[in-house]
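Annotated features, as they stand in TrEMBL:
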TRANSMEM  7-28  transmembrane segment
DOMAIN    98-280  domain 'Protein export membrane protein SecD/SecF C-terminal'
TRANSMEM  123-142  transmembrane segment
TRANSMEM  149-171  transmembrane segment
TRANSMEM  177-198  transmembrane segment
TRANSMEM  224-247  transmembrane segment
TRANSMEM  253-277  transmembrane segment
Amino acid sequence: MGRRRWGYALSLLIILPGIVTLILNGAAGRGALDWGIDFTGGNFFQWQLQQPFEVGDVRQIVDRFATGQSVIQKSGQEVLVRTRPLPAGTKQALLDAMKARFGSVTVLREDEVGPKIGRELRTIALVAVIVGLALQVIYIGIRFKSIRYAVAADVALLHDLLVVTGVFALTRKEVNSSFVAVLLTVVGYSINDTIVIFDRIRENLAQRTREPFDRLVNRSILEALVRSINTALTTILAIAAVYLFGGSTIHDFAFGLMVGIFTGGYSSILNASPILVDWHLWSERRRRPAAATASPVTVLPGGRRDKRG
């Protein structure tokens, strides 16, 4: 804990590039994030093809008519396609091109999501994340019977969410409903890692040792460090397998989880616990002047009290 300022500086350096990118993207007029079809509106097609096909074959045709990144998923002989909003005539031209390439194409479903609905979904997603953070604050505050633990944990959570969002801004990966799932999953994982350390701090405090608080926190972190590292590594390795072999449909989801779990692992140590220490030291400094200015009381013979100063 003696070098906790370095931890704050490292966290700030990790967050800063993403925040700068968000600002620059917004100033350039291309959007701070690359919002997907879920949040901007667009078209949804579900077709059944008679001929064998690959996703790449369908993408070649779709990219001729759709702007931006389209989402294409294969399920047996069915294909699901989501595109940015298409003009009315373009939808029929796309279907004709599919028939020309693959022969018989049966339309199973065709929907359109307007921009207004997309904006509403974006608002709902933001509210979901905010509510998740608020519930975590309430839970931590009740569990540890102190607002200090709740605030320290929530600052670490905000750090993790900013890192994940910044990385998506830097890489221009599409932000869709899966991204919201990533954020909520990271919130759950990060808070669990923080609670493990906070529990160890509480257990050590219950022993009522005369050890200074910063040293006690440092010892608590060391006692939980191996468990935290092993949990993070095994989780990241499992998600890395999904990232490498799971296909393009969950590629970005796995990528976001790996980033979030990595940051969640170190933020509990470099952010949450140091904030707890600094808050404690600040409270101690506030108490000292109050104790120093209190009038000393001397008990005189006969039980009378003599206040001096």
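Sequential numbering from 1, following the chain as shown.
For all residues, glycine too, the Cβ spot is worked out from N, Cα and C.
Within its own chain, the transmembrane segment (224-247) has Cβ neighbours under 8 Å at 189, 193, 196-197, 200, 254-255, 257-258, 261-262, 264-265, 268-269, counting only residues six or more beyond its boundaries. For the transmembrane segment (7-28), the most Cβ-contacting stretch among 123-142, 149-171, 177-198, 253-277 is 149-171 (pairs under 8 Å). Below 8 A, the CB atoms of the transmembrane segment (253-277) and the transmembrane segment (123-142) form no more than two pairs separated by six or more positions in the chain, fewer than 3 in all.
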